[in-house]
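K.L.:
For reference, the structure I am asking about is given below.
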Amino acid sequence: MSVPDYMQCAEDHQTVLVVVQPVGIVPEEQFFKIYKRIASVSQVSIRDSQRLLYIRYRHHYLPENNEWGDFQTHRKVVGLISITTCASNKEWPQTAERFHGQKEVYSSTLYDSRLLVFGLQGDIAEQQRTDVAFYPDFEDCPDVEKRVDDFVESIFIVLESKRLDRATDKSGDKLPLLCVPFEKKDFVGLDTDSSLLLGVKRHYKKRCQGRMRKHVGDLCLQAGMLQDALVHYHMAVELLRGVNDFLWLGAALEGLCSASVIFHYPGGTAGRTVGRKPSVSQPADAGKRHRPGAQEVLIDPGALTANGISADTSTEIGRAKNCLSPEDIIEKYKEAISYYGKYKNAGVIELEACVKAVRVLAIQKRAREASEFLQNAVYINLGQLSEEEKIQRYSILSELYQLIGFHRKSAFFKRVAAMQCVAPTIPEPGWRACYKLLLETLPGYSLSLDPKDFSKGTHRGWAAVQMRLLHELVYASRRMGNPALSVRHLSFLLQTMLDFLSDQEKKEVTQSLENYTSKCPGGMEVITLPDGLKLPPVPFTKLPIVRSVKLLNLPVSLRPHKVKGLPGQNMSTASPFIYSPIIMHNRGEERCKKIEFQWVQGDVCEVQLMVYNPMPYELRVENMGLLTSGVEFESLPAALSLPAESGLYPVTLVGVPRTAGNITVNGYHTSVFGVTSDCLLEGLPSVKTSGSLVEVIPSLPRLQLSTSLPRSAHASQPTSKEELSSTVSVQLFNGETQQLTITLENIGSEDIETLELTSKILSTKEKVFGEFLSWDLEEASSRLPLKSGQAVTLTVHIKVELDFSGQESLLQDLNDDGISVTGLPISSPLRQLLKPRSETRAFGSESGRAEYSHVKTLEAVLNFKYSGGAGRVEGYHRELSLGVHVDVEPSVFFTRVNTLPATSTRQCHLLLDIFNPTEHELTVSAENNQDLVLHASECQRMAIQVDKFDFETLPQPDQQTACFTSPKQLEEERQHAQGSQINSKLGICWSIPSLRRRGEASVEGVLNQLVLEHLQLAPLQWDVLVNGKPCDCDVIADCRAGDPVTLEVRLTNRSKNSVGPLALTVVPFQDFQNGVQNYDLGEAVTFIGSNTFYIDTVKPKEDSVCVGALLFLYAGDFYLNIKFQDDSAGRELPLAWFTLPSVHIRALDAQLQAGA
């Protein structure tokens, strides 16, 4: 016997062997369909008996193996079922002859046979025969299983008769000697009747008895008599051990082990899904294991007849525990295998015994001992095996190692079997079989074909062995003529084993990959093998390696802004509770995924990846783009070339969302070495990302801005540089105005429907007076909606008006020139004792000039808000910011301000000390005043006569505004309004003729509280009329001496409170213009009535008039001094409120007046 049955197991010893074969030409599919139905009858309960008969079916069995049927009866073919097709009656004789010839092959051992004929109809088919069954076709054969049952019962009848015949053999000394095929030649010519060979005869007899006992044990085991079989096996062991019949002793021990295994493991050891039914002949405690060390049997010599075989074994059954314990089973297997090993021709028996022992040990979970049996099986020499037999042997060894949990050992033998499929001695190598076996080795080497298994945790398994196996898969798939498989496996090798490849190996693998992909590009499709195995795609997540993915916000000028105050904008989840931890938790989860900013439909969006190249040479990445879901997205692929071991390298991927909604960036796609990869972020846990979900709002228009002024590189503030679209820069003198022309062009696809413009002065230390930026948006708004490609122009006026006050610590006091002026300095002067000059003074030090020529900076932002299209409907707009950077050079400084009373009570003189800090000649002008020319670094005084101001007419803040505004702020606003009114009346301008530059000069920041009081028109307005003509501004009233002169005093109350009553006294005097004043005019002037005027209470906004008269007796110049009496009720009011104009009356003689 040269071909082992690797599928055998211990329980097969209780089966009878039935061969099922086709006769003639039978379609393979139909044959195996009927074969499966026949094989389903694997055990039959015998009628009128409690025993079961187990059947083992084979569709191919070598006749030479049948010759070992006496050695182990389960190897004997006892039944034959032939399947044939017969189309007509003419073919039947030939079919019957073939069936007879088939029976002749196994005639020496056959108990019974059956022929199943398909397709024959007619007289022959209607004949009733026990050994032949006729069926119209393969589909119409409902009673196949029933006929097999009857067939098995007939086999059992023959088996039982043979068992009884052998067990009750009365042939005396003529007991036959059972032999294995290779023993027969050893006993040819042996004379066992000669008296000279008495010792040999006794030895020969015991051998015959022992072998027969063992044979009867086999028959009992097949017949379902387990306990009888155990007794016979024990007795055979004792007999055969005594005569050193080692081959049959091993068989008896193996039979004993098989019977014990059947007893202990009724479910079987072959790992089949359906276990065997326990034999009904087993005792009630059959499921219990015997304790270790149980005795085999104590054989009673009286139980043996003279012929050595007793018909009744009940004595032995009752006297001993005949079943081996689980531990003893293995020991007996070892002993049996050692006996088999003594015979070269018993290699197959030895190998099969090892396989059976391994299956038992696998059930007992004794893997180490099982590996010893398998190691022994490896070295069993079976002679010259064919390549197919070698493949089968290594495959079975692999499966057995897998069964006991030795996965790597199993993979080793599976790989050996694979290599055997393509051995050089095979004329047609089986590369497909080799590839299939190599795939089966992957789990044993901790390999899988899914790259996701290699992205979690540390690497498992031996990388060197894994790479070798992957290379073999690549080669095998190429020899199979499947380049797509080669590309997939080579990609897998490069992706998962990159860290273990040397620089040279990386180069070789990538070159091979490029060669393969030039013929068959790699992709992301799932490859399905013919056996149904699916190979998942292998994305190149390490070529290049991505460390972080960041979704970028749109540029500042393109970012959408939500219109504030829309209904529902700030509405939260409807809940009656102020705080809900569940809602907060959900929001937290959403915040982790969704990004704060938005993208806009139709605009280019960016995602930044930080990547690096792990390869030792330049890596070319083609067609790298984004993978998204949620909205329609047009990815704009990029190509990049990364230097060798580049380190982190930023890569920006762009795309355009074509619809609105939520978009999720799932990953990116690349094309490297001809392999297209889709790399998903969820499969890359090491990649850092701030979120991948962003909202895409409906499309908005795009505005492009250009200016008439040059662009500036100045940053408005270090933190806000990126917030400005652009910045313009200009240099102006203080007080100068510059026009900025801005062109706005619609470069988007949506119409601009709304346009707003606001400005904001950035934080500065300088105080700005007036409007820094001003514009008129009406003309631009009238052009709306602005179509795509159209432009509109807007003019913005830049007017710089900083504080014109100078630092007196750097100037000389102009009072040193002898002019008597009540000084009202801006700040306390630090007087410098320098040589005075009569009218002008210049700086004597360069440091002072440098200080006054210091350039100040003003910065502001023009913010354009515009919207249109579908985005406007959703409440979104865009903002375009233009930074304005102005370098302000000083033009003029007001170093000191004073006031002098004018001749009129409603006017005064404003004195300004003006300094020219520039290097150019400068001209200063004012309303109704002569121009003042200042040379470089020159200071002069300008006197301006101005009407006093009625500040009460200025608009006052309403009550609500006053409640929410601090008093300090209210005071500043009041002073600003007063300063603006004064500045507008003065109209002070400067010009630099050489530069053709001009501007305005404001005194708003120069005026202090005292100066403002002097410039303010008193709330009580006094008018004095002589003969009906007002007397003010040095007006001289003429009258004739001797004629009465009417004197009228009028009071207008502009204050908020009532005034009065008041008493006024008129005192005349003469001024000799030499410091002497004469008040003794009793003989020159007389009053018609009293010289005292009485005024009753005057309410606000009302006036009061009192009239008197006086008479000048002589000609001359007289002055009237109108005084308030000390006991007047208005003395608590400020003195400035009671300033009356002086009255100058010139009395003329009658003749002189007539001559005049």
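Every residue, even glycine, has its Cβ placed from backbone N, Cα and C.
Whatever TrEMBL says is automated annotation, not expert-curated.
The domain 'Trs120/TRAPPC9 N-terminal' annotation in TrEMBL covers 199-266. Annotation comment: TrEMBL describes 371-515 as domain 'Trs120/TRAPPC9 TPR region'. Look at TrEMBL and you will find 546-674 tagged as domain 'Trs120/TRAPPC9 first Ig-like'. Taken from TrEMBL, the feature domain 'Trs120/TRAPPC9 third Ig-like' applies to 899-1015. As annotated by TrEMBL, domain 'Trs120/TRAPPC9 fourth Ig-like' applies to 1038-1128.
Map these features onto the structure and tell me what's around them.
P.N.:
Here the domain 'Trs120/TRAPPC9 fourth Ig-like' (1038-1128) has, by DSSP, the following mix of helix, strand and coil residues: 0 helix, 54 strand, 37 coil.
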K.L.:
Which value does the mean pLDDT take for the domain 'Trs120/TRAPPC9 N-terminal' (199-266) in this predicted structure?
P.N.:
92
K.L.:
Would you list the DSSP helix, strand and coil counts for the residues of the domain 'Trs120/TRAPPC9 N-terminal' (199-266)?
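P.N.:
Taking each residue of the domain 'Trs120/TRAPPC9 N-terminal' (199-266) in turn, the totals are 60 helix, 0 strand, 8 coil.
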K.L.:
With DSSP as the reference, give the number of residues of the domain 'Trs120/TRAPPC9 TPR region' (371-515) in helix, strand and coil.
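P.N.:
Tallying H, G and I as helix, E and B as strand, the rest coil: 105 helix, 0 strand, 40 coil.
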